[in-house]
Amino acid sequence: MTTAPEGHQVVYKLYKARYFGLFSIVLLNIATGFVWLSYSSVPDAARVYLNADDFLVSLTSILYFIAYIIMAPVSGWMFEKHGIKKALIFGASIQIVGAWLRYFAKFIDSTPDNNTGRLVLTMVGQIIAAGAQPFFLNLPPKFAAVWFSENGRTTATMIGSVSNALAAALAQLIIPIVTDNNVPSTMSNTTLFTAILAVVALIPALFVADRPPTPPSPSAAEALQETAEEPFKTSLKKTTSNKQFLLLMVIFGSLVGIFNTVTSLIATFAKPYGYTVNEAGYFGAAMVVAGLIGAGISGPVIDKTKQYKTLCKIGVPLATAFLVALIFVVRVDCFAGIMAVMVFIGVSAFAVLPAALELAVEITYPVTPASSASILWAFGQLVAVIMLFVCTALQNDALSVEKGLNPPLIFLAVWAAVFGAVPIMLITSPYKRLEAEAAKRKRDEADGLTAVGGVNGDKFEYVEEKQSANVV
């Protein structure tokens, strides 16, 4: 607890360096998104360049989900043991190693009869680079908790988290320009471009600070006063024994899995009805762009209202309803209908993203935010792997055309209803972090301290770094 002589002020300061740190996280997420989708964005060129079949090209994406599951606990441990800066630099470094290994694979000759050397080095580089993703995607809730006030945490979490989806949209637009699908040898242009991007993304991380000199909020104040955060194993045990968190994990994981599956297989779902790969790309882009807008709106709204549960209980059922609608609009000559439904899926699902990540922190407080984020995202990747294999097995072009049925889409809609729309109504946990911060202010007032800083509507206002010190 912060102490000061009676009648003095406790100042919760905001530092402009928080924006630089957030920028670094966004840039690293964009870089990892380009590396992730290097091959699947131009599948025809990738098949010829690697002399590989469709499954091996798809495997370059699936490896990201598998590596995430493996490395998520490692990233959480590094955040708590070595701090934000060292964890970011480590993740950026292994991404650089993996990205350059993929580029060096171009110097190994590859033919249909002898494709092993280039293919193996490419896959090794891909899985090494994939191991970096959780270091960037798991960090936003923790970074927001340490550097931002109650009035900015959700927006900061939103910006950091959706930057990965932004990368997916940018990659699908830019990589086909860098690599000509009709000239497979230009595939090396993409691997070189992404390797350079990985190096550039590391540079800002070298200057990111682990924590601000003074706290931006009461909960951050208590965390910053600790000489060392609790062991990651302890945090993991606390989160996995929290029933409300496990319920949220299933819901969040289902949404992430469905999003990854739809973006990966939308071309497969639409192909029986005569839609081209380019048209399928428009469907995916519509969902991502609309989702970014939805998240951009929901973040500031939640920062102001703090209604995490309410937004989730509205957004998850809406996303489920639009997934059901998608079953009926994926038809011949229904391009506009598919685009419209994909927009609504994106808006409703992405709007939930920052609210769910912050709700996880509230449910598990005082467990460090990196632990809850690591588990949520890792479970989402696990669900994505399961869904990708199930939907691929269920895909039946003849059944889709003759009977008007699309088994993979039906499977996804049923999953969303059973593991999303229904269990979200069972989330009843109080907002533990917000309650702890309110109690902290009352204790300060009882001790004769005047707190400068607070939620909109309070008598307090946050102080920017140019003003006074923590206790004045």
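Including glycine, each Cβ sits where the backbone N, Cα and C put it.
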Range annotated as transmembrane segment - as stated in TrEMBL, picked from 282-302, 429-449: 282-302
Interface check, the transmembrane segment (19-39) with the transmembrane segment (117-137), three or more C-beta pairs under 8 A: yes
Criterion met for the transmembrane segment (373-395) and the transmembrane segment (245-270) (at least three Cβ pairs under 8 Å): yes
The transmembrane segment (314-332) vs the transmembrane segment (87-105): 3 or more CB pairs under 8 Å: no
Beyond the flanks of the transmembrane segment (338-361) by 6 or more, those residues with Cβ under 8 Å of it: 140-141, 145, 153-155, 157-158, 161-162, 165, 245, 248-249, 251-252, 255, 258-259, 262, 270, 275, 282-284, 286-295, 297-299, 302, 308-309, 311-312, 315-316, 318-319, 322-323, 325-326, 329-330, 369, 372-373, 376, 427, 433
Segment-segment contact (the transmembrane segment (407-427); the transmembrane segment (245-270)) at 3 or more Cβ pairs under 8 Å: yes
Top partner of the transmembrane segment (55-75) among 87-105, 117-137, 190-209, 245-270, 282-302 - counted as Cβ pairs under 8 Å: 117-137
